[in-house]
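Contents: one structure, followed by commentary.
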Amino acid sequence: MSVHQAGAVQAVNGFLERLALPLAKALDIPHFTPNFPLLAYSALGFTVIHVGIAPLLSRWLAPESYGKLKGRRARNNWNIHVVSFVNAIAVIILALRALNKPNLLADKAFGWDQAAETANAVAVGYFLWDTIDATVNFTDLGFVLHGLACTIVYSFTFKPCFEYFSCRFLLWELSTPFLNIHWFLDKTGRTGSTLQLVNGILLLSAFFGARIVYGWYISISFWRVVSSSAVRESIPLSYRLVILAGHAMLTLLNLIWLGKMIRALRKRFDDSEDKQPLLGSATGIQIPLPPPSPHPTSGGTGIRTPSPPNLASSPPRIHTTADPSQGAA
């Protein structure tokens, strides 16, 4: 980068920081100001992918499937999945880089590190883009609330606070690449294929492992820290209530989405006459059974279900940000 280009970037960054300063002061989140340029670039970058790169790339990689999409909403939904996939990969990498930073390990409440703030800034940029798109291309209030809650909760980490937890909650996105792959397999004529079955098992495993098992484990620690005397003395009650309410809502959404994904995956492999029936196990993973007898009964082995889915990160709006059941539709 030349001296002139570096100077131009610094000028833009300075303008963006001045733009963010009043909000940072009003909300008492001082680290928001120096991180706002990256947040803004993130939101702009995801917008460029959404409206420019995703359509061009899709016409090149999947010309037949993308060309069959009818209407602006269908093409927008496809492009959103591309953005969601890119965001998931990016924030997973950034979050992993921040996990073991000494400052965060030493103080789970107020420790901060630039690696964690970089991950948070990129995530907030995505959530901001997601909230705007969910509002402009409205399909479900839950998508709007999800994006808005994530934007607010992650913005509060720039106080700075809870960065130890923020990068860990971003790992909820581990299931998102599989969710998008499942959706793209549907749209490219691979519904019910072995590849989709394997991906579906990986999807449910990642979702259940990252968002439910690990998510609840880290949530217990998070709630304890938020309720500690040190946090109560330093962070206003209104902030704590917003953070806890947002986190509780996102945790509940994970449970709802898990149930919807199980039903959607079951439908994918269990509602076609030329496919073997599947056994719904306790974990929701579908196990192929032998072909039915000439006189099948309505027992529990041939279940057929109609189709009716941080601090947290988002399953993509299927639509970071969609309903997983729509992702399989």
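Quick reminder: no glycine exception, Cβ is built from N, Cα and C everywhere.
What TrEMBL lists as domain 'TLC' is 73-270. Residues or ranges marked as region 'Disordered' by TrEMBL: 279-329. Residues or ranges marked as transmembrane segment in TrEMBL: 38-57, 78-99, 141-157, 197-217, 237-258.
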Beyond a gap of at least 6 residues from its ends, the CB atoms lying under 8 Å from the transmembrane segment (38-57) belong to 16, 66, 75, 78-80, 82-83, 86-87, 118, 121-126, 128-129, 133
Averaging pLDDT over all residues of the domain 'TLC' (73-270) gives 93
